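Student: A single structure is presented below for examination.
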Amino acid sequence: MVVSLLLAVLFTFIVMKLNLTTGIIPSLNISAGLLGFFFLKTWTTVLAKTGMLTQPFTRQENTVIQTCVVASAGIAFSGGFGSYIFAMSSEVANQSPEANGPQDIKNPSLGWMIGFISIVSFLGLFSVVPLRKIMIVDFRLTYPSGTATAHLINSFHTTEGAKLAKKQVRVLGKFFSFSFLWGFFQWFYTASDGCGFNSFPTFGLEAYQNKFFFDFSTTYVGVGMICPYIINISLLVGGILSWAIMWPLIDARKGDWYSADLKSSSLHGLQGYKVFIAIAMILGDGLYNFVKVLGRTFIGLYMEFFKKKVRSPSDPDSSSSLSYDDKCRTEMFLRDQIPAWFAITGYVIIAVISIIVVPMIFHQLKWYYIVVIYVIAPALAFCNAYGCGLTDWSLASTYGKLAIFTIGAWAGASHGGVIAGLAACGVMMNIVSTASDLMQDFKTGYMTMASPRSMFVSQVFGTAMGCVISPCVFWLFYKAFGNLGVAGSAYPAPYALVYRNMAILGVDGLSALPKYCLIFCYAFFGFAIVVNLLRDLVGKKWAEFIPVPMAMAIPFYIGSYFAIDMCVGSLILLIWRKLDKFSADTFGSAVASGLICGDGIWTLPSSFLALAGVKPPICMKFLSRAQNAKVDGFLES
């Protein structure tokens with residue numbers, strides 16, 4: 001638990017930084033498992049040499065650490081610090097002229113954030129616990145990420161695997177050090193906004209103005225090495241389509257389609273096209289995948305129950321045909337039962353507390369809205385957990401958006417529908433996200449023969465840690481960086497503005513859109529559905545060459561600079577694989593994790609420096625020849 005706490009703080013900083021920069025968060029399960037193994041193995045080796053320890057470090061303990069860390073760091077995402085919670089703030093509300101009255105704003109505060117997250121995060125754990133045997137043993141769902149993590153942990157605890165893990169940790173340590181020191185070096189040149197290596201006009205000043213530049217971020221180079229090639233290419237394609245083609249053309253209609261006197265942040269101007277077209281693509285992609293995964297869920301359930309009726313003992317899927325390993329795993333998995341009455345009682349008690357307390361935090365979110373959410377949440381949590389087991393795709397954010405529109409419209413503009421919708425999103429998103437995460441972890445525990453009770457306790461402990469650590473880390477960012485959430489700053493929190501405008505759409509309808517924006521929204525909403533359908537129809541082989549609409553939508557608002565970083569990461573991995581495939585496959589994730597972790601951890605000392613009022617000594621800026629001549633003339637005069 002001590003190691004889990006240390007790693008939870010590390011990964012929460014990483015996830016929070018990713019949340020507040022682009023919102024793209026890769027799976028950190030491998031990093032958590034690897035670092036957990038390294039720390040405990042080192043500690044137990046030291047203890048064993050002193051004669052204080054006789055028992056070895058086991059894969060079950062490794063699994064418990066990994067579960068606890070991922071549960072804790074997951075709160076940094078599902079807690080909405082880069083989306084629905086920060087969307088309530090005045091910093092984000094001031095970027096939108098609509099719905100920015102007192103009843104539509106709730107600024108972050110450490111007290112209510114910890115209270116709210118603590119109440120809503122535990123419900124998901126209790127909602128699907130009674131169904132773990134059905135999901136893992138009866139339906140034998142694959143849960144690809146959970147299974148992959150289990151195989152990794154199992155490999156660590158073999159003689160060869162332990163040797164390899166040590167080499168991987170050594171590589172991770174080297175790139176962690178490089179990334180941390182590079183972040184420290186860059187800090188000296190960032191005396192104000194627009195200064196430093198992250199404002200380097202790599203492809204010229206005109207391209208820089210349109211967000212095409214390499215910003216020397218080791219975080220996103222590392223993320224690019226982890227993400228599939230098609231995701232990185234999709235981001236770049238989306239950036240080219242929007243910032244190189246669409247926005248310059250729409251900007252040329254200034255004074256015709258929208259007033260030329262509007263501020264650049266006004267949603268009635270160019271900013272409105274950027275935000276709402278991105279929202280349309282995200283919703284189109286979300287709707288398609290929601291229907292697809294839900295359809296597969298219902299078909300899978302029907303097939304499972306149908307097979308149960310016709311299955312005989314001689315069938316190949318029956319328990320008698322299980323391998324010896326699977327029989328041992330099943331026996332271990334069913335030995336430590338978590339009573340159904342415990343899960344149901346826990347759900348009801350936490351739900352009652354939540355129904356009483358949450359309206360005290362958000363008076364706009366009435367108690368009967370929460371009752372409705374809690375009645376339907378277990379069914380949605382089950383669907384999400386089942387769909388995740390089939391496809392490895394969690395639709396937590398899609399269910400959250402569904403709550404934004406339904407509860408926001410139900411509350412109405414005059415009764416604080418914006419805050420009600422965003423808070424309802426938090427309630428719903430936490431339940432369904434935690435439920436699918438728990439099932440992934442149960443699958444990992446099943447494969448590593450860890451006790452389900454210890455897995456559940458670890459998840460509870462990790463969630464409890466996350467409910468305190470994540471708000472504190474966000475609060476540190478919020479207080480240290482005064483321009484948090486502002487477009488063009490180091491931490492623009494793009495999804496906060498997107499979520500707030502979804503809530504405004506749900507309450508006010510389409511009146512907030514600038515001229516012709518609705519036509520573009522319809523077109524890109526349909527485009528997202530058609531492209532996803534095409535990806536499914538052509539098969540897996542050819543789908544790798546068709547961009548992913550959800551990924552294409554992200555640069556529409558914030559630009560392509562991070563996509564270029566990620567493509568550099570992909571290029572490094574591609575060249576590495578061409579030169580030495582075994583080495584790339586073995587150490588690629590360790591290099592990527594080191595790059596992400598080092599830069600992510602640098603935000604901790606940089607936050608403390610900012611809070612202490614210590615500013616970098618140098619501003620490195622790039623000017624055109626004409627601007628430079630003016631500056632020289634001014635200085636000489």
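Numbers run from 1 along the shown chain.
Cβ from N, Cα, C; glycine included.
According to TrEMBL, the feature transmembrane segment maps to 27-48, 69-89, 109-131, 171-189, 229-250, 340-362, 367-387, 407-435, 456-478, 484-504, 516-534, 554-576.
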Student: Using a Cβ cut-off of under 8 Å, list the residues of the same chain at least 6 residues beyond the transmembrane segment (229-250) that approach it.
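Tutor: Residues 210-212, 257, 270, 273-274, 277, 543-549, 551-556, 559-560, 562-564, 566-567, 569-570, 574.
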Student: Okay, the transmembrane segment (27-48) and the transmembrane segment (484-504): do they have at least three CB pairs under 8 Å, pairs separated by 6 or more?
Tutor: no
Student: Looking at 27-48, 69-89, 367-387, 407-435, 456-478, which one has the highest count of Cβ pairs under 8 angstroms to the transmembrane segment (171-189)?
Tutor: 27-48
Student: Can you work out which residues elsewhere in the same chain, 6+ from the ends of the transmembrane segment (456-478), have a Cβ less than 8 Å from its Cβ atoms?
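Tutor: Contacts with the transmembrane segment (456-478): 1, 4-5, 8-9, 12-13, 16, 20, 64-65, 67-76, 79, 81, 85-86, 108, 110, 113-114, 117-118, 121-122, 125, 129, 338, 434, 437-438, 441, 484, 491, 603-604, 607, 611.
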Student: Short question: which residues 6 or more past the ends of the transmembrane segment (69-89) have a Cβ under 8 Å from it?
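Tutor: Hits for the transmembrane segment (69-89): 4, 7-8, 11-12, 14-16, 19-20, 23, 25, 28-29, 32, 36, 105-108, 113, 117, 121, 396-397, 400, 404, 419, 422-423, 425-426, 429-430, 433-434, 437, 441, 458-459, 461-463, 465-467, 469-471, 473-474, 484-485, 493, 495-500, 503.
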Student: By Cβ distance under 8 Å, which residues at least 6 away from the ends of the transmembrane segment (407-435) in the same chain are close to it?
Tutor: 71, 74, 77-80, 83-85, 87-88, 99, 103-106, 116-117, 120-125, 127-128, 354, 358, 361-366, 369-370, 373, 377, 380-382, 384-385, 394-397, 399-401, 463, 499-500, 502-504, 506-508
Student: What residues in the same chain, six or more past the boundaries of the transmembrane segment (516-534), come closer than 8 Å to it by Cβ-Cβ distance?
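Tutor: Same-chain contacts beyond the ends: 257, 272-273, 276-277, 279-285, 287-289, 292, 510, 546-547, 549-550, 553.
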